[in-house]
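J.: Before anything else, here's the structure in question.
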């Protein structure tokens, strides 16, 4: 069968193992061809090709529901569910999404982008199914990294309490998340990968016992009891953990043996109640470079398939904000042993891997456990440690109660560095960092700031670490502005003090963080129309520099705020609230992300669609204030 001609995953039914293996080869070929050209997640999907094929061969996907955790591993799913011919548009504007979207396909039953949600969603569907008296299978496919997340363990705890609710959890154990997973559970899983599989008493044996004359029916309960006893002896330690939580455990199964996988999934479907099938896979399977460097090939920009090397950018770029942060933190840690960097399984993305290599004793990776990371930092701060929690803006949302309850209310000196703040591009709505300005500015005792460039980032990092209270700074994805960097001798900024960059009498533009340089460019465009602008780099949103901003607003009489975040409760809202509270009544235009989801596209395309380029912002300003 040609994969390009497959119109429905049910067409896998009845194919011989050799034919399914050929489909697997075609999936890998298409996967590699597209990701090498346009970028995307590589290793996770390559590792679950056989798992996906075998699972789908045992299901009726017109009715059965499969929930994929995170979405990194769902490219084979997409190729088998009608998106083969559109797959060249992966992660491109109006193309196939890199993650799961309910609006994209009837086979995407639950959206995903963050980890550890699949078991909860699948269990919810299973409970709904049973309440409605319907009959279909609910399956969650979750990686061993995502299984370390508290939400996944909460769902397992609940599912195990429902012995009459059929639910299949497929544990895709590749001994990795983005980077190697951490924690006791990961250690147990690694031990299990090398254990012999648990063997199950076959249905035929059970049927034979049932058919014994006189004693068959009476022996059924004894048979079940014996089976349970044998299983408790046979199931290795981590399997016993799941068994004690109420799951029937099967595995570990070779995740690249379609025949063995198919037999195991068919057996699992017959059990009833919650079942855990433990599948051992190899991340990056089938592409030697990805198998050899599973961290580096988790996700890739475009690369040469033959050599495995990334295709370099045509124009040199300054170091990323993330890299500058990581390098600066290493130097600060060298000077102060009380500083500790904390990540939640995102060492490479946040550049804390630089600290991990340089000073491992001052580095902590908690795994996919954002809530724990925040409160852990709070506990450290209570004892005189200076924790720096580096975390993506979108992932810090998962620990909002901890920010308020454990850090803000107690006024603990913890530094939060929010990476990927603002528009992130091809990862789409689940990963846009558009909400942190709003959700941070209302937390008690927090000081919140954003640098205009990488030099100011260095100063703000020092400001946060030296501040005797909770603080947060946001940095965007991608390259810096090319500002000169200091190797040492950084000084703290005056908290709550803005920077006036340009002076003009016709318009006040206040930029926050990554929007300061676009504000400067916008002012230059407006100057061509005779509009002279005062441009202020706000630096801080909490506290806001009311003295500087109020004076300029009253003097000039026309105000524009610019932010790379949602307008709802954002930076512009803070400025307008401050004006209102102080009886300053001036026309104000707030520019930022409106009340809408930002879909996957390049960052530049997203900014164009939102009207956030300097040219488009200049047009908005001219229309608002009649500058013609």
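Even glycines carry a Cβ here, placed using N, Cα and C.
Relevant sequence annotations retrieved from Swiss-Prot are reproduced here:
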- 72, 113, 114, 115, 145, 146, 174, 287, 370: thiamine diphosphate binding site (BINDING)
- 144, 174: Mg(2+) binding site (BINDING)
J.: I need the nearest neighbour of residue 144 (Mg(2+) binding site) among the binding-site residues 72, 114, 174, 370, using C-alpha distances.
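T.: The answer is 174.
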J.: With a 10 Å radius around each C-beta, find which of these binding-site residues (72, 114) has the fewest other C-beta atoms nearby.
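T.: Counting other Cβ atoms within 10 Å of each of the binding-site residues 72, 114, the minimum falls on 114.
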J.: If you skip the near sequence neighbours and keep only those at least six away, which residues in the chain come within under 8 angstroms of residue 370 (thiamine diphosphate binding site), Cβ to Cβ?
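T.: For residue 370 (thiamine diphosphate binding site), the qualifying residues are 344, 391, 395, 396, 398, 399.
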J.: Counting every protein chain present, what is the number of Cβ atoms, excluding its own, within 10 Å of the Cβ of residue 145 (thiamine diphosphate binding site)?
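T.: Other Cβ atoms within 10 Å of residue 145 (thiamine diphosphate binding site): 30.
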J.: So how far apart do the thiamine diphosphate binders 72, 113, 114, 115, 145, 146, 174, 287, 370 get, largest Cα to Cα in Å?
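T.: Maximum Cα-Cα distance: 32 Å.
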J.: With an 8 Å cut-off on Cβ-Cβ distance and a minimum sequence separation of at least 6, pull the same-chain contacts of residue 174 (thiamine diphosphate binding site), or say none.
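T.: For residue 174 (thiamine diphosphate binding site), the qualifying residues are 44, 47, 143, 144, 255, 280, 281, 282, 283, 294.
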